[in-house]
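K.L.:
According to TrEMBL, the record shows the following:
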SIGNAL    1-23  signal peptide
DOMAIN    55-401  domain 'Peptidase A1'
ACT_SITE  D73  active site
ACT_SITE  D272  active site
Amino acid sequence: MPRTPTLILFLLPLLATFSVCFSANIFSLRKKNSDRLLSSAVFPLKGNVYPLGYYSVSINIGKGDEAFEFDIDSGSDLTWVQCDAPCTGCTKPRGQLYKPDNNALTCFEPLCASLHLTADQQCESADEQCQYEIEYADHGSSLGVLVNDHFPLKLTNGSLAAPRIAFGCGYDHKYSVPNPPPPTAGVLGLGNGEVSIISQLSNMGIMRNVVGHCLSEQGGFLFFGDELIPSSGVAWTSMSSESIGNHYSSGPAEVYFGGKAAGIKGLTLVFDSGSSYTYFTSQVYDSVLALVRDDLKGKPLEDAPEDKSLPICWRGPQPFKSLRDVKNYFRPLALHFTKTKNAQIQLPPESYLIVTKYGNVCFGILNGTEVGLGDLNIIGDVSLQDKMVIYDNERRKIGWFSTSCNKFQKEGQSFCEPEGPLSILSGNYYEYIPKIF
């Protein structure tokens, strides 16, 4: 799935300083239900769509206080970290190497089988190590051994847990050109396959099989479990019954532009935190770009082909300093899920545009067919900012609502509530190619 590198320096334990949505209202609501015995965990994020192009989290592994930085990726299942072993295509943080301690899983472990190894990787003996190989949509890959170790967690109910989680210890990585190795130690797979962290935690009875994120220009937060979900105000749609790997997909959806149906229907959409930008197939991309271009006629914007930040950029009479300077030139988009009442992802201009270091505004929706994504339509980070997005694998639903993901809880107040009603809206050369995971 589309994506870029990663960086973060926060540690998960200090919930007192990063309490995110833990208002008294949410806790009292959850504790009224006698079956709500499971807890959740929350992690601060760092990153942004531009100029960094990634979001990342710091998580401890092992019995000590060793923290590793991971790219967050809802478009893949397997979590892997750079192994302290002879390696090819090693990740940059040489100080962040995981040291295995005779904790490799054997080839016959059920989680090893869940990786769907090919015929030439079948077990030959009972003590053979479980090898993994994962390839991403940008043709990058990671090869290594599946291991397990403690993942210390401070839960929202105040308790501590240190479950043993299976993950990859990678020693051979390939990266798509021209993307350099990411400045992180690995990838945190948030998908819904058996080997994903949330599936393992759920199978152990630690928390519900629910994961979500809230992305902002300054980072945001990631959460496991369902305690942060408001009791009302969330728009939900079913996960697609059409299997697209273990990705979070839904549909069919219809495109709205300026509050009106644009005649673009039947889209199956993949929600992917590993994608910096939103990607449409060529036909959908061309249609949406034509709508935007036609609407810009007569407005003081000109094409800026010299800006290679993204394929389509425009310059104004003066360099733009932020999206606040340019958003009034553009109409909102929306993705309306036609089989679910009032389920619509609203995309105001700031959800599909960026302002570059050159002061131009660029189109943050890209042609996925051109970068090898086939028939996939992907909702990436640019369109997921300032939305709390929830992947409920138990109910097979995806939910979201608009909120400021920069708002940290003030005393006696929860910021994790929808901002306003959820309703239908009215009214080829790359200097930098986003990485695809």
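Using N, Cα and C of the backbone, Cβ positions are placed for all residues, glycine too.
Any TrEMBL annotation is an automated prediction that lacks curation.
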K.L.:
Could you say which of the active-site residues D73, D272 has its Cβ with the most other Cβ atoms inside 10 Å?
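P.N.:
For the active-site residues D73, D272, the Cβ with the most other Cβ atoms within 10 Å is D272.
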K.L.:
For D73 (active site) and D272 (active site), what Cα-Cα distance in Å is obtained after rounding to a whole number?
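P.N.:
That comes out at 7 Å between the alpha carbons.
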K.L.:
Compute the average pLDDT of the predicted model within the domain 'Peptidase A1' (55-401).
P.N.:
90
